[in-house]
Amino acid sequence: MASLRALSAAVAVALLAASASADSWLYEKFTTDGHVRADYNAQGQQVTSLILDRQSGGAFYSRQKYLYGVFSIQMKLIRGNSAGTVTSFYLTSGDGPGHDEIDMEFMGNSTGEPVVLNTNVWAAGDGKKEQQFYLWFDPAADFHTYTIIWNDRNVIFKVDDLFIRSFRRHADLPYPGGKPMSVHATLWDGSFWATQQGKVKVDWAGAPFVVSYRGYSADACTPNGDGRPLSCPAGTDRWMSRQLDAAEWGTVAWAKKNYMHYNYCEDGWRFPQGFPAECSRN
C-alpha cells in the first residue's frame, strides 16, 4: 500500500510538472523588470505576480514584436485600498514621439469604490483617445479575462465575454497599423494621476500591493522586416477581418450607458476647437 501511495504521488508530481512546463509563458516569452514573482497553482497554471512597494513596481514585456493579433490575459487586481496605483496590460511600439500604443489601464481606488478601466489608442504619438469604464464586478475577488483584438480595420476591447469598445480605422486619420508592437504588463505608483485626478495618493501602509496574471495568450502575426509578408498563424482570418456584429455593438452600448466614466468624444473643455474627427464617425 505504501508503495502504491508513493507511485500515485510520483505520478501526480510528474503530471503537475508536465502541466507547469506547458504553461511556463512568463520566462519563455517575456523579460521582467522590478518586483516579479512566478508560481504555479494547483492546476499547473503559471501565475505571475507584480509587486509594488516604496522601492519599486514590477513589469514584464514580450521579447517578440507583433503586427496585428488577439492578445488576452487573466488578471486579479489589488485587494482593498488600491488608490494611486496603476495596473496595465498594453501594446506599444516604444517610447518615441511618434509611437503607437493600445492601452488597458486599471486605475486603483479607495476600498469599496469601483475600479476604473482606462482604454486608450495612440496613433503616431497622439493618445488623447481615452474611454474609461467603471468595472461592474470586483476585479480583486477573482481572475477576469481582458482582451485586445487589433487588426487593420479596428481595435476592439473586451472584458470577459463582453465587448466594451471598438476604435475604427479611417483612411484619412492616424491609426496604429504601421509599427510592430510588444506586449507589456506593469504595476506602478500613479499617485499623480490615477485616482480622482491625483487627489488620492498611494497609502504605503497597505504595501506591498500585488496584482496576479495568468493564462496569457497571443494569436498574432510577426513582422519579417524589409517589406516581406507577415508570418501569421493558421486561421488568422478568424480575427484579421474581425469587426463587431449588431449584438456585440449592443454590449458596447450597454457598457457606455451604464458604466462609462469618461469619453474623450464628450470632453468639450479638452477640445474647445472641436472634437477629433473620428468622434463623429465611430
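Backbone N, Cα and C atoms are what each Cβ position is placed from, and that goes for glycine too.
Just so you know, TrEMBL annotations are computer predictions that nobody has curated.
Under the heading signal peptide, TrEMBL lists 1-22.
Under the heading domain 'GH16', TrEMBL lists 20-213.
There are 20 other CB atoms within 10 A of the CB of E101 (active site, nucleophile), with all protein chains counted. Per TrEMBL, active site, nucleophile is recorded for E101.
Sequence-distant neighbours of E105 (active site, proton donor): residues of the same chain at least 6 apart with a C-beta under 8 Å from its C-beta are V86, T87, S88, Y90, L117, N118, T119, N120. According to TrEMBL, the active site, proton donor annotation covers E105.
Taking a C-beta cut-off of under 8 angstroms and a sequence separation of 6 or more, N109 (N-linked glycosylation site) has the following same-chain neighbours: S82, A83, V115, V116, T195, V200. The N-linked glycosylation site annotation in TrEMBL covers N109.
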